[in-house]
């Protein structure tokens, strides 16, 4: 017996030398005995007799030979190849089961329970009666498999009706933006080396077993959080490939089953391919990569958010962009906040944005920088509501306003927050403290300035004069301006204005990783509660043109590459947020009317005739911090880094 234990330990050490292959080794009596005592009390049905299994270090393996004869362990109920069982009588699968059987009451036998009640055994049961009940085990397995298949049929019928990222990407050969492009998203900063060919342990759905079993799969293709997986052993056969969210609770690093005492069972379709699956796995997994052992913990930690319900914030007033109001956090989903304006009695007057959005600030922010603020009629905070700590909000880059700085009346180009598909001629209307600016769109401003919007001087949503021309973007001229094509030099001379100096704008262009054609999930900033299937169609330095699949280009939006309103493919599934699928022809026609009405309302508001009641703020625009043009850029001022800006005309 000592020789057996010694050889077993030696074999385990040899397997352990493969690193990530810990646990896929020969039987260790000590670990098999201890693992059974730590198992949960939930009821688990035994594996049927038509699958030979061997218990290895708390791990279950199955072999397809079946010709060696079957045996059932009278202690734990394990069904397996008879020759692999312990002792001459082959009554037990291990020494520990043999010892446990002799020291416990037969009345607690798992098989005894099956005989009396027909119920499946629990992991807590310790002893089996002597006579194996393979027939009952197999019958019960078949019954459970039938129920499982019925459940699968129902779930498939439901999912087919909805949108599937996997089918959408596979059928069109699309590519998705990698998770590393989204620093604000879960795992965005710690995604690591997760790529194609990484191996994971996942549920094995190609089997009729009554209990949940696992097998190893490799990543064939990555699309954001979603991965196309192929079970080991299928080689080039893609017949059973499947998509899943790599951050899901059923995805584990290789070695997790061994550590957790979960069964590894090869898919039924390929069970006949090998007689020694353990040797196959050793060969396939040697030198392979898997997920970090703490991957699930990192996922969980990255989905913890500091903002909580009942926190009070200052947020832009969606009906009057020029001012802020107090709102209360109603709910938090994946870092996105549903804010309800404090004066909303029925709690339906809400606004959605990300917790890192530049549209929200701590209580007292407006007063500190000189921004307009709508005072609440509520003089006393409601019970349970409390001010959000200032350190939780996104920090803006510090700027030096003591030297040459933006001034009122300077001209620039800016993304229109009421029509995010356009970049317009704009003017700095007011210079606030801490680098913030109030900006208006030329030709569309209300007389009272109620449609001015706030950007920070470092915002990626404002640009120097000439930015659109050098980057071949259509610049929207002031409404009513008839001297076309629009020329900045003529316009500045006619209006007696100066352009904001190029050097005051943010020229930083991060290595964001986006490419034209990449798929992602993006907030419709004109209706910020909606997150839609989208595509990157243009990239201008750090500026991205986002197209909503199935919709016309007029609904496209200019968004910064670091916007918190962009998410990887699979984000909605991971967080439980509802994803809006690509618009079909019928849905486009049914919604085009309301969309056109919104555009008309927008046009009327530009003239100051109508309030902004139908317009939802586009977080991305106001999301921008602020770019400002300073006094006249001279002929000597170059285009900036990488010809980011052009020189002014003489």
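For all residues, glycine too, the Cβ spot is worked out from N, Cα and C.
Annotated in TrEMBL:
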type: REGION; residues: 1-51; note: region 'Disordered'
type: COMPBIAS; residues: 1-17; note: compositional bias 'Basic and acidic residues'
type: DOMAIN; residues: 64-99; note: domain 'FCS-type'
type: REPEAT; residues: 163-267; note: repeat 'MBT'
type: REPEAT; residues: 275-371; note: repeat 'MBT'
type: REPEAT; residues: 373-478; note: repeat 'MBT'
type: REPEAT; residues: 486-582; note: repeat 'MBT'
type: REGION; residues: 582-612; note: region 'Disordered'
type: COMPBIAS; residues: 584-595; note: compositional bias 'Low complexity'
type: COMPBIAS; residues: 596-612; note: compositional bias 'Basic residues'
What stretch in 275-371, 373-478, 486-582 has the biggest tally of Cβ pairs under 8 Å against the repeat 'MBT' (163-267)?
486-582
DSSP-assigned states of the repeat 'MBT' (163-267) in counts, ordered helix, strand, coil:
16 helix, 31 strand, 58 coil
Which whole-number mean pLDDT does the model give the domain 'FCS-type' (64-99)?
62
Please spell out the DSSP helix, strand and coil residue counts for the repeat 'MBT' (275-371).
22 helix, 35 strand, 40 coil
